[in-house]
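Supplied in structure tokens, the structure appears directly below.
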Amino acid sequence: MDDITQNLESVEKNPDIGMGRGVYISTYGCQMNVNDTERMYALLEMQNFVPVTDPKKASLIIINSCSVREKPVHKVYSEVGTYKYMKRKNPELKIGVGGCVGQQEKENLMKTQPMIDFVFGTDQIDSLPQLVAKSFAGERRLVNSRFEHRSPYHIETLVRNPGVATYVNITKGCDNFCTFCVVPYTRGREKSRPVQHILTDIRHLVKRGVKEVTLLGQNVNSYQGDEGIDFADLLAKVAKETDVERIRYTTSHPKDFNQKLVDVMAEHSNKIMEYIHLPFQAGSTKVLERMNRNYTREEYLERIAMIQKGLPNVCFSTDIIVGFPGETEEDFQDTLNMVTEVGFETIFAFSYSPRPFTKAAKFEDQLPEDVKNERLNRLFDVHEAMAFERVKRYEGTTMKVLVENVDRDHGKMQGRSTGNKLVHFLGTADLIGKTVDVKITKAFPAVFRGEMI
């Protein structure tokens, strides 16, 4: 029996805890949080809890939270406030907070939110059944936020209904300590999963009908597996040693992106998708230095050129922070120029939000909110205009689309191209899980429309 199965079977199953009660989990933040929520549901189902979509029907409510920016932190406190009225009507209702806010704000949550029964950190998801059992036994104000310092990272993928495409964690935490980022403090130091655990997960998922996996981590490129295996080696192993049809990965750090990885992607282009999410965060070298990103503007562009040379059809997306402390109008123009020079298909942009524990939160040259918001709107305007022009080149082309599901709003089939474009077309549900050729008839930045051929 392998370690993965042993780890899962070590979870004590006690149906008397759940007793068929409803559990509702509210999820904010990144794909890592979405994966964590799946794990929570799977663990609680083992205790005879039943997932519900309406919190009013739940006996257990968990908020799986994000603290990368200030707004989702405020949403947690607001959401707890809405549930306290439900708890007054039903004293048996249990409320827990996990995720990055649970890790970061545990003391303040316990101090200011008396309706919360328990708080757990990002490394303590597997302690959830025990916390819940104690809570339903009458214990209150429980906290478990200890970081697990064992290495490597031994948690298997738990997905209840994986569908056609799903995610597989390969790393956890981050050692980069960008001055704006709270992740090292909420997710801990970087750990990598053993290679064979990852491969076993993917093989199990393929048996359940999964066609595409995305290898997931805060910085997948810094993966350090057993026997000196790096991320490029891992990617090659997934391509050669599993039957999964499509492979993606996210997120990459520009400082760690190398020629070896490009070569592996080119060698296995039949499986590894031609899409890379490569955050540049700011277009100014001065700002990048203050962010502790460990690359310059020129070095980022050199990596883009290296990737495009080896993968001519590659599509890029990126993350951008606008209004970082000390950012001048000239610095911001460098960011706008970077967007148009690279021609990103998609951008995920936010105004800078000071986070606890981070170095940048202590910088004295913070920008006013109105300046940050104005620059963010300008960035969106520039990218939108560029994106509308760029996508026209796809009209009339044929794309290989992995059909994932039915678009609920329009009744059409939808899936993803190799370049991660969302494509809608007329078809039937029996196409789900198949890769079909679709001719693009109309292209918009957010979605393409086409006809199956």
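Using N, Cα and C of the backbone, Cβ positions are placed for all residues, glycine too.
What Swiss-Prot shows for this protein is this:
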{"type": "DOMAIN", "residues": "21-137", "note": "domain 'MTTase N-terminal'"}
{"type": "BINDING", "residues": "Cys30, Cys66, Cys100", "note": "[4Fe-4S] cluster 1 binding site"}
{"type": "DOMAIN", "residues": "160-389", "note": "domain 'Radical SAM core'"}
{"type": "BINDING", "residues": "Cys174, Cys178, Cys181", "note": "[4Fe-4S] cluster 2 binding site"}
{"type": "DOMAIN", "residues": "392-453", "note": "domain 'TRAM'"}
So, by DSSP, how many helix, strand and coil residues make up the domain 'MTTase N-terminal' (21-137)?
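The composition, in the requested order, is 63 helix, 22 strand, 32 coil.
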Spatially, and counting Cα to Cα, which of the binding-site residues is closest to Cys66 ([4Fe-4S] cluster 1 binding site)? Options: Cys174, Cys178, Cys181.
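Considering only the listed binding-site residues, the nearest one is Cys181.
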Measuring Cα to Cα, how many Å separate Cys30 ([4Fe-4S] cluster 1 binding site) from Cys181 ([4Fe-4S] cluster 2 binding site)?
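Each residue's Cα considered, Cys30 ([4Fe-4S] cluster 1 binding site) and Cys181 ([4Fe-4S] cluster 2 binding site) end up 14 Å apart.
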Could you give the Cα-Cα distance between Cys181 ([4Fe-4S] cluster 2 binding site) and Cys100 ([4Fe-4S] cluster 1 binding site), in whole Å?
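The Cα atom of Cys181 ([4Fe-4S] cluster 2 binding site) is 12 Å away from the Cα atom of Cys100 ([4Fe-4S] cluster 1 binding site).
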Cβ within 8 angstroms of the Cβ centroid of Cys174, Cys178, Cys181: which residues besides those meet this for the [4Fe-4S] cluster 2 site?
Asn176, Phe177, Phe180, Val182, Val183, Pro184, Gln218
Taking every protein chain in this structure into account, which of the binding-site residues Cys30, Cys66, Cys100, Cys174, Cys178 has the most other Cβ atoms within 10 Å of its Cβ?
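The largest 10 Å Cβ neighbour count belongs to Cys100.
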Using a 10 Å radius around its CB, how many other CB atoms surround Cys181 ([4Fe-4S] cluster 2 binding site)?
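Neighbour count, Cβ to Cβ under the 10 Å cut-off: 22.
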Centre the Cβ atoms of Cys30, Cys66, Cys100, go out 8 Å, and tell me which other residues of that chain have a Cβ in range of the [4Fe-4S] cluster 1 site.
Tyr28, Gly29, Met32, Asn33, Ser65, Ser67, Val68, Pro72, Gly99, Thr186
